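Peer 1: Starting off with a structure, shown below.
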Amino acid sequence: MDTQAWLFKSSCFGAYTTGHIRTIGASKNLKFWGLPLPAGTKNNSIRCSMKSYKLSELSQTEVDSLKARPRIDFSSIFRVVQPIVDDVRSRGDGAVIDYTKMFDKVVLDKIVEFVADLPDPEIDLSVREAFDVAYENIYAFHVAQKSVEKKVENMKGVRCKRVARSIASVGLYVPGGTAVLPSTALMLSVPAQIAGCKTVVLATPPSHDGTICKEVLYCAKKAGVTHILKAGGAQAISAMAWGTASCPKVEKIFGPGNQYVTAAKMLLQNSEAMVSIDMPAGPSEVLVIADKHANPVHIAADLLSQAEHGPDSQVVLVIVGDDVDARAIEKEISKQCQSLPRGEFASKALGHSFTVFARDMVEAISFSNLYAPEHLIVNVKDAEQWEGLIENAVERILC
């Protein structure tokens, strides 16, 4: 589940400041993991392999090169997205309808639904209960971050205070091109609900029949979303930024997306739309530090949970010590990858991901601090004792 880990007035729904901690180039040393496919797997055509390195055998230059991420040349993407941004500004709903037909092959009569007017979706009890638990967990974490008004008299007769005010209208983008992401709907809408945002527009691509994904709708209703924009891509971002006849204009846009969504956000934050954005999001990534006490099943699941996001995701495994059964981890990655519905995406991501072998935890965490991952999972014995050494990670999970 993705987590909005750092929240500031300048970049989120209110004046929250927190770090999220949960307890629970080529080298001569390059190797490849050639993984045999276990018998009985669902798709024997998927190749699962990762490069591997020993940190002790790399020069500092080679170690530094491992932190590099793939770079995207946005100049060509901007040329594709700018006409869409301009068209939505000019034609509003009509442009969004046309682009939805063109890109999603869905014909819409209207692009916005009022959430209060929609009936509760019918979903399995077990799924609903899982969403309810997730909602409560996310709510508890973020409500603890609400700012308390602070007053200071820094000299006689001069009183200063810090006051948090919610952003009146926000847009939340929930991708849906290759996978349904109700978890993202919760992660974005719950903080907006807690902050007290009056208008909350959630944009997500429609299903093939023009309806809203029932799981996303359930999460949206539970978390207080006011409007659902049945559109994705640059056209959805543009509609929320400019506003249309049916879509409210928002003051700030949040949420992940592909390179076209990211390009639209970047263009619009520097336009006459006067809209702010959270950040230009990059591909998903995770770094897992594991020792001999870590379960290979859990290691593989944590790596693949991010690898399956898309072919541009990157996952990194840091193995601590010489007594870890790396072969068992290899086999488990292969086994789980073969059985994933999105195994092809995960396989492509694994192809440009890698494993590093560290001599001890100090070396492992030093590399993690250099890499600065989006998600960091420390799956070692007595993981909490190492938390103080972690400097650069958005989300830290100590197992």
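Glycine residues also receive a Cβ, built from the backbone N, Cα and C atoms like all the rest.
Sharing the record's features from TrEMBL:
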| type | residues | note |
| --- | --- | --- |
| BINDING | Y173, Q235, N258 | NAD(+) binding site |
| ACT_SITE | E374 | active site, proton acceptor |
| ACT_SITE | H375 | active site, proton acceptor |
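Thinking about packing and proximity, how do these listed features fit into the structure?
Peer 2: In the three-state DSSP classification, Y173 (NAD(+) binding site) falls within a strand.
In the three-state DSSP scheme, E374 (active site, proton acceptor) falls into the coil class. The local packing around E374 (active site, proton acceptor), expressed as other Cβ atoms within 10 Å of its Cβ over all shown chains, amounts to 20.
Just so you know, the Cβ of H375 (active site, proton acceptor) picks up 22 other Cβ atoms within 10 Å once every protein chain is counted.
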Peer 1: Using C-alpha atoms only, work out the spacing between N258 (NAD(+) binding site) and H375 (active site, proton acceptor) and round it to an integer in Å.
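Peer 2: Per the Cα atoms, N258 (NAD(+) binding site) and H375 (active site, proton acceptor) stand 19 Å apart.
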Peer 1: If you count other C-beta atoms within 10 angstroms, which of the binding-site residues Q235, N258 is the most crowded?
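Peer 2: For the binding-site residues Q235, N258, the Cβ with the most other Cβ atoms within 10 Å is Q235.
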Peer 1: Would you kindly give the Cα-Cα distance separating Y173 (NAD(+) binding site) and H375 (active site, proton acceptor), rounded to the nearest Å?
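Peer 2: It is 20 Å, counting Cα to Cα.
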Peer 1: So the record assigns Y173, Q235, N258 to NAD(+). If I measure every Cα pair among those residues, what is the longest distance in angstrom, as a whole number?
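Peer 2: Roughly 13 Å, rounded to the nearest whole number.
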Peer 1: Within 10 Å of the Cβ of Y173 (NAD(+) binding site), how many other Cβ atoms are there?
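Peer 2: Y173 (NAD(+) binding site): 29 neighbouring Cβ atoms within 10 Å.
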